Amino acid sequence: MTAQPQVLKIRRPDDWHIHLRDDDMLKTVVPYTSEFYGRAIVMPNLVPPVTTVAAAIAYRQRIMDAVPAGHDFTPLMTCYLTDSLDPAELERGFNEGVFTAAKLYPANATTNSSHGVTSTDAIMPVLERMEKLGMPLLVHGEVTHAEIDIFDREARFIDTVMEPLRQRLPGLKVVFEHITTKDAAEYVRDGNELLAATITPQHLMFNRNHMLVGGIRPHLYCLPVLKRNIHQQALRELVASGFSRAFLGTDSAPHARHRKEASCGCAGCFNAPTALGSYATVFEEMNALQHFEAFCSLNGPRFYGLPVNESYVELVREETTVVDSIALPNDSLVPFLAGETVRWTMKR
């Protein structure tokens, strides 16, 4: 039997999908990402959303102000697409190196998405400009029609929105974010080099039973919602295969405890403190640690056309108990896997 590795040394990873929020929350959560990641694609769903170059520059500065001394971290900013967005503003931001990508939220699909896009037809001039520029489109892939069951919204999105869009704009670079279904895993796997996907730790580790059986676990509630185990297994098999167009995107989405543990709780898992160890655990369970570094550190830069990070990080096999909560000025944050014992720990 092969001896278990005790240390995993990988190139410094990047997080290709994260929510850093703003104000006190921003100051609290940024260090958990900047300590170990070289770059992160920062979601623009603030209130109001980041829709201009000036807003993105200002937000980027607030993020950098929250990065502790000694951390080597670069936030990559995104533009929030709206029906009224000017293509020229998007192009200027991309050409000036302010916007790395643009984010399509179907209106009301998730937290702070009420300004989102009503239909791809409404933003076709913007999408055509992005295709011409080679600018990546990041997609929250769910339809939002009230009559569509929440567990079916991703699969329906592929058929009714994603595939027609990619047929219409075949040169458009698309990241299908936080995929959660067998349908999406197969769709991305069978796609061409212009289609990639991010996958979160929670969708690899858990399915809807973990969230709903024996009591409801609000800190596993995120959007897209956890699906049944056959979908979880399809995601695990995709990453374990070494598929090169799937990469790390935590979708870490912090909410204060009172907003999660509520009669109408918010969607999102704050997984930044525990994500890398969680991914390592999944890859080890799937006997696929040989593909772990590529998923975390190589596949994303290749798709985005960016250099890989030069430095390295290490995870050590050391059982650690995740803290129950993290202090906020007037509340607390509950991290993903709070109170649980984890197998892999980041070496500081």
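Keep in mind that glycine also has a Cβ here, set from the backbone N, Cα and C atoms.
From a predicted model like this one, the values you see are computed outputs, not experimental measurements.
Listed features, source Swiss-Prot:
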BINDING   His17, His19, Lys103, Asp251  Zn(2+) 1 binding site
BINDING   His19, Leu20, Arg21, Asn45, His140, Leu223, His255, Ala267  substrate binding site
BINDING   Lys103, His140, His178  Zn(2+) 2 binding site
MOD_RES   Lys103  N6-carboxylysine
ACT_SITE  Asp251  active site
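Put plainly, the binding-site residues His17, Arg21 were compared by Cβ crowding within 10 Å, and the winner is His17.
In this structure, Ala267 (substrate binding site) belongs to neither helix nor strand by DSSP; it is coil.
His19 (Zn(2+) 1 binding site) has its Cα within 10 Å of the Cα of none of the binding-site residues His140, His178, Leu223, Ala267.
Looking only at Cα atoms, Asn45 (substrate binding site) sits nearest to Lys103 among the binding-site residues His17, Lys103, His178, Asp251.
Same-chain residues that are not part of His17, His19, Lys103, Asp251 yet have a Cβ within 8 Å of the Cβ center of the Zn(2+) 1 site turn out to be Ile18, Ile41, Val42, Met43, Asn45, Leu138, Glu177, His178, Gly249, Ala253. According to DSSP, Lys103 (Zn(2+) 1 binding site) is assigned to a strand segment.
When Cα-Cα distances from His17 (Zn(2+) 1 binding site) are compared across the binding-site residues His178, Leu223, His255, Ala267, the shortest belongs to His178. Note: His255 (substrate binding site) has non-local neighbours Cys266, Gly268, Phe270, Leu333, i.e. same-chain residues 6+ apart with C-beta under 8 A of its own C-beta. Spanning the residues His19, Leu20, Arg21, Asn45, His140, Leu223, His255, Ala267 that the record associates with binding substrate, the maximal Cα-Cα distance equals 19 Å. Cβ neighbours within 10 Å of His19 (Zn(2+) 1 binding site), excluding its own Cβ and spanning all shown chains: 25. The Cα atom of His178 (Zn(2+) 2 binding site) lies nearest to that of Asp251, taking the binding-site residues Leu20, Lys103, Asp251, Ala267 as the candidates. When the binding-site residues Leu20, Leu223 are compared by the number of other CB atoms within 10 angstroms of each CB, Leu223 has the fewest.
Following the DSSP three-state reduction, the secondary structure of His17 (Zn(2+) 1 binding site) is strand. In sequence order, the binding-site residues near Lys103 (Zn(2+) 1 binding site) (Cα within 10 Å of its Cα) are His140, drawn from Leu20, Arg21, His140, Leu223, Ala267.
Sequence-distant neighbours of His140 (substrate binding site) (same chain, 6+ apart, CB under 8 A from its CB) are Lys103, Leu104, Tyr105, Pro106, Ala109, Thr110, Ser113, Glu177, His178, Pro224.
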